[in-house]
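S.K.: Below is the structure I would like to discuss, written out as structure tokens.
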Amino acid sequence: MTNDRAVGIHDLSFRTGSLVLTHAELSKHTGASVAKYHKGLGQQAMSLPAADEDIVTMAADAAAPIIERHGTDRICTLLFATETSIDQSKAAGVYVHSLLNLPSNIRVVELKQACYGATAALQFAAALVQREPEQQVLVLASDIACYDLDSPGEATQGAAAVAMLVSVDPSLVEINTPSGLYTHDVMDFWRPNYRATALVNGKKSMAAYLAAVEGAWHDYQAREGLSIEKIRTVCYHQPFTRMAFKAHRHLLDTAGVEADATATDHAIAPTTHYNEIIGNSYTASLYLALASLLDAEDELDAETLGFFSYGSGSVAEFFTGRVVPGYRAQLRTTAHLEAISRRRDIDYNAYRRVHTQPLPDDGSQHRLPHQTQGSFRLSGMEDHQRIYEAVHVSADIACSKGTHRRLTPTV
Ligand code: CAA
């Protein structure tokens, strides 16, 4: 059965790593001016995973409040998008399925295309729900952005997971058609199976990102998408937050609109609050931009938002969504701010130790210290298997019903 009801994001929740390194601390050791990080990249701090955290624990932590609020009866599919896969065969979502005690009659699969994977998951979820309106899909986007020490990419690391429940008659954002699509084979950022850190050609990746903005927008227009004037603002994938400002200026140029710097800053700034203190979270980054905008602005009822998703390599998509009137009653602003403020500040030496601590690959028994602030942990490894456990399943801190024009960074 197909239907004409609106389909989109019914609920959204995110969590991040339990450790944080500020760019002020990083700059003392890299020799770069802190202004380069704060102004040039638009980054204040980066989240890092504690020893007992990974993409599974962060994703389970992000999804648990959604399950608490909506139950599991209607969930038919769990889509897990990541660049930071932990297994060549088994989907990370199966571990989350187990940690959250989800019913067995659910399909679980993992998707990969660099930072674009979550958008593919969202669109596939929308199509499934369109086909069977009584069903819901849980979309998880979870990543740990990790570059070589002392490389230019080092300042653009981060870690976070976003969970979204996709359903008919959504409470947050209805996803519109058409989408503008763009795929181009380019080696701007990649990670061969034998590497823990990404390889990147930084300048080439920025040029490839902007070319994708242009390509996806042209395709969106060719498919009779909305004119730029009808779109209130655009949530971009944010490898670092200045990239979103650059991308928006490029989009306005491409759309033939004179780009006024103040207006551009005003439009994009509300989408950057979370990413500037969390850092790059690959697949999750675009949806952290959406969370930031929804949590920060209280007058978005019925507004049309643009979304630009970019995954190096490269695949990109431009689409729009309509903010559902009354969305504020469903937000999780307090819990989001709590996930950020509970992070433990670490210094540069501790950061380097965290960065260079791989898990054993010889199948030996390995226990991990309890460091996470989250509700799930990777307790160790044995026989080449990751062992997870629930710490405690707490009720969501609160769902915000108030006005939150400003999201206070805790760094
Ligand atoms: N005060 C203010 N600004 C300063 C400054 C100072 N003292 N010093 C430098 N800056 C500015 C520079 O002018 C520059 O701004 P513009 O780009 O507007 O000119 C900015 O700070 C960065 O300086 P550099 O270009 O010198 O920085 P860098 O060579 O160290 O590299 C980078 C920056 C390429 C982004 C690098 O961090 C990197 O490779 N990051 C990883 C790749 C990446 O994020 N690519 C983005 C597109 S790809 C993508 O989106 C997918 C993904 O997630 C990876």
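Keep in mind that glycine also has a Cβ here, set from the backbone N, Cα and C atoms.
Marked as domain 'Hydroxymethylglutaryl-coenzyme A synthase N-terminal' by TrEMBL: 5-168. For GLU83, HIS237, the entry in TrEMBL reads active site, proton donor/acceptor. According to TrEMBL, the active site, acyl-thioester intermediate annotation covers CYS115. Here TrEMBL flags TYR147, LYS246, ASN280 as (3S)-3-hydroxy-3-methylglutaryl-CoA binding site. The annotation domain 'Hydroxymethylglutaryl-coenzyme A synthase C-terminal' is assigned in TrEMBL to 255-329.
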S.K.: Per DSSP, how many helix, strand and coil residues does the domain 'Hydroxymethylglutaryl-coenzyme A synthase C-terminal' (255-329) have?
M.R.: 35 helix, 18 strand, 22 coil
S.K.: Suppose we draw a 10 Å sphere around the Cβ of CYS115 (active site, acyl-thioester intermediate). How many other Cβ atoms does it contain, all chains included?
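M.R.: If we count other Cβ atoms within 10 Å of CYS115 (active site, acyl-thioester intermediate), we arrive at 31.
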S.K.: Looking at the recorded positions GLU83, CYS115, LYS246, ASN280, which have a C-beta within less than 6 Å of some atom in ligand 1?
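M.R.: The qualifying recorded positions are CYS115, ASN280.
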S.K.: Hey, how far is ASN280 ((3S)-3-hydroxy-3-methylglutaryl-CoA binding site) from HIS237 (active site, proton donor/acceptor), Cα to Cα, in Å?
M.R.: 9
S.K.: Restricting the comparison to the recorded positions GLU83, TYR147, LYS246, which residue's C-alpha is spatially nearest the C-alpha of HIS237 (active site, proton donor/acceptor)?
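M.R.: Checked the recorded positions GLU83, TYR147, LYS246; minimum Cα distance to HIS237 (active site, proton donor/acceptor) goes to LYS246.
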S.K.: What residues, ordered by sequence, lie under 8 A Cβ-to-Cβ from LYS246 ((3S)-3-hydroxy-3-methylglutaryl-CoA binding site) and sit at least six positions away in the same chain?
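M.R.: Set apart from LYS246 ((3S)-3-hydroxy-3-methylglutaryl-CoA binding site) by at least 6 residues yet with Cβ under 8 Å, we have MET206, LEU210.
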S.K.: How many other Cβ atoms sit within 10 Å of the Cβ of GLU83 (active site, proton donor/acceptor)?
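M.R.: Step by step: centre on the Cβ of GLU83 (active site, proton donor/acceptor), count other Cβ atoms within 10 Å, giving 26.
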S.K.: In Å, how large is the greatest distance between any two Cα atoms among TYR147, LYS246, ASN280, the listed binders of (3S)-3-hydroxy-3-methylglutaryl-CoA?
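M.R.: Per the listed residues, the maximum Cα distance equals 22 Å.
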S.K.: I'm trying to understand the geometry here, so how far is the Cα atom of GLU83 (active site, proton donor/acceptor) from the Cα atom of TYR147 ((3S)-3-hydroxy-3-methylglutaryl-CoA binding site), in Å to the nearest whole number?
M.R.: 13
S.K.: At the Cα level, what's the spacing in Å between CYS115 (active site, acyl-thioester intermediate) and TYR147 ((3S)-3-hydroxy-3-methylglutaryl-CoA binding site), rounded?
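M.R.: Per the Cα atoms, CYS115 (active site, acyl-thioester intermediate) and TYR147 ((3S)-3-hydroxy-3-methylglutaryl-CoA binding site) stand 15 Å apart.
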S.K.: What same-chain residues, at least 6 away in sequence, bring their CB to under 8 Å of the CB of TYR147 ((3S)-3-hydroxy-3-methylglutaryl-CoA binding site)?
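M.R.: The list for TYR147 ((3S)-3-hydroxy-3-methylglutaryl-CoA binding site) reads GLY153, GLU154, THR156, GLN157, THR197, ALA198, VAL200, given in order along the sequence.
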S.K.: For ASN280 ((3S)-3-hydroxy-3-methylglutaryl-CoA binding site), what is the tally of other C-beta atoms lying within 10 angstroms of its C-beta?
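M.R.: Other Cβ atoms found within 10 Å: 31.
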